[in-house]
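**Q** Sharing a structure, written as C-alpha cells. Questions coming.
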Amino acid sequence: MTTKKIAVLAGDGIGPEIVAQALRVVDALELDVTTEEALVGGAAYDAYGHPLPPETLALAKVADAVLFGAVGDWKYDKLERRLRPEQAILGLRKELGLFANLRPAICYPELTAASSLKPELVAGLDILIIRELTGDIYFGQPRGRRAAPDGAFAGADEAFDTMRYTRPEIERIAHVAFRAARGRNKRLTSVDKANVLETFQFWKDVVTEVHAEYPDVTLDHLYVDNAAMQLVRAPKSFDVIVTGNMFGDILSDEAAMLTGSIGMLPSASLDSSGKGLYEPSHGSAPDIAGRDVANPLATILSLAMLLRYSLDHADAANRVEAAVREVLASGHRTADIAGSGERAIGTRTMGDAVVAALGRTTGITKA
C-alpha cells in the first residue's frame, strides 16, 4: 500500500494546541501515514503576507487529505477582506474542489446534561447535516457596494449579493445526501426557502428529481425557518439533512449546541473523489489560546473522519471513535463539557486520555 500523506494546517488561536493532540493519535495508531505541516490563516499572513501562501496550497493539493485546525483572530479584522485569515479556508475549498460538507451531530450519553435541551430530547441524538459549499449567496456574482440605481432610496449607499445555484451543483450534493441516507436510516430532509426564493424552488425541484434514483430513501422538504424550529423542538425527528451553503452554515451551528458543546463536533469537506479537508466545527477561540483549556475531541473526531473517508482506514477510524467514547464514559471532561461539580482537565491531559484508551484496546503505549 502506498504511504498516504496528511497536510497539517494548524492555523491560529487554539488550532496548534488541538491539532497537536490529533497528531499524537496519528502516531499512536502507527499507520503507514506521513504528515507535513504548513502555515495557514493569520500565522501565514504574519510570515508571508497572505493567509494561503502558494507553498501551503501546493502541499494541500498533493496530500491525500488535509487536517485543519482553525483560523482567525480579532487583530486581523481591519485587514482588507482578501487578506483576512478566514479567506484561507474559502480558498482551500475552491482550489481543492470541495463541495460537500458533512457535520455529524451526536449526543453522547454522558453529555446529555450538557445539552441546551432537556435530556429526553437529545438522548440518542445522531444526525448528519450535509451542506453544499460552492454555490449560494456566499459565492454568487455580482456582489458589491454602490449607489442605489432606483427605488425609494435611489442614490443612497447600498450593498448587494447574489444567490444562485446551477443544476449540476444541486445534483451532486443531492447524490451525496441520498447515498449517506441510504447508509443510515434511509430518511433525508431537504431544507430550503422555496416559498419566497426562486433559487430554492429550483433546489427543491432538482432534489425531487434526483430522489427518483433512490426510491428506498424517504424524502421530506422543510422550509429553513421550520427546520430551525424543529431542530430545537424535536431534533431526533431528523436523520440526514441536506441544504445550501448559507442555511447549512447556520443550521449546523445550531445543531452543535444540541450535543452539549461545539467542541465535540467534527466536520469533513469532500471533493468528488473522496479527498477532503477535515476540521473541528468550532473556531480559533483566541481568548483561550495557549491556556491548555481547549477541547481537542472535535479535532480528534475529525481525524477519524479523515481516516474513514480519505485514507480508507475505517478500522482505525472506529478505534479512534471508540477511544473517545471510552474517555467520556470514564468521566474525562474539558471545561466546555464539564457539568456542575465535575473536574475539568486540560487539552494535553485529554489527549493523554485518548492515547491511553487506544493503548488499552490495542497494546499501543506510544504517546
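Yeah, the Cβs are placed from backbone N, Cα and C, and that goes for glycine too.
Annotation comment: TrEMBL describes ARG93, ARG103, ARG131, ASP225 as substrate binding site. Per TrEMBL, the feature Mg(2+) binding site maps to ASP225, ASP249, ASP253. Per TrEMBL, NAD(+) binding site is recorded for GLY283, SER284, ALA285, PRO286, ASP287, ILE288, ALA289, GLY290, ARG291, ASP292, VAL293, ALA294, ASN295. Among the features that TrEMBL reports, domain 'Isopropylmalate dehydrogenase-like' is placed at 5-354. Annotation comment: TrEMBL describes TYR138, LYS193 as site 'Important for catalysis'.
Locate each feature and note its surroundings.
**A** Other Cβ atoms within 10 Å of the Cβ of ARG131 (substrate binding site) number 27 in total over all chains.
Note on ASP253 (Mg(2+) binding site): other Cβ atoms within 10 Å of its Cβ, all shown chains, come to 15.
Taking a C-beta cut-off of under 8 angstroms and a sequence separation of 6 or more, ASN295 (NAD(+) binding site) has the following same-chain neighbours: ILE18, SER261, GLY263, MET264, THR334, ALA335, ASP336, ILE337, THR347, MET350.
Mean pLDDT across the domain 'Isopropylmalate dehydrogenase-like' (5-354) comes to 95 in this model.
TYR138 (site 'Important for catalysis') falls outside any helix or strand according to DSSP and counts as coil. Note on TYR138 (site 'Important for catalysis'): other Cβ atoms within 10 Å of its Cβ, all shown chains, come to 15.
According to its DSSP assignment, LYS193 (site 'Important for catalysis') is coil. All chains included, 20 other C-beta atoms sit within 10 angstroms of the C-beta of LYS193 (site 'Important for catalysis').
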**Q** Filter the recorded positions TYR138, LYS193, ASP249, ASP253, ALA285, ALA289 down to the ones within 10 angstroms of ASP225 (substrate binding site), Cα to Cα, kept in sequence order.
**A** LYS193
**Q** Given ASP287 (NAD(+) binding site) and ASP253 (Mg(2+) binding site), what distance in Å do their CA atoms have, once rounded to a whole number?
**A** 20
**Q** Around VAL293 (NAD(+) binding site), how many other C-beta atoms are within 10 angstroms of its C-beta?
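**A** The answer is 17 other Cβ atoms.
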**Q** Look up ARG131 (substrate binding site) in the DSSP assignment and report helix, strand or coil.
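**A** Once the DSSP labels are grouped into three classes, ARG131 (substrate binding site) ends up as strand.
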**Q** Please work out the number of neighbouring Cβ atoms within 10 Å of the Cβ of ARG291 (NAD(+) binding site), leaving out its own Cβ.
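**A** Around ARG291 (NAD(+) binding site), other Cβ atoms within 10 Å: 13.
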**Q** Measuring Cα to Cα, how many angstrom lie between ARG93 (substrate binding site) and ASP253 (Mg(2+) binding site)?
**A** 19
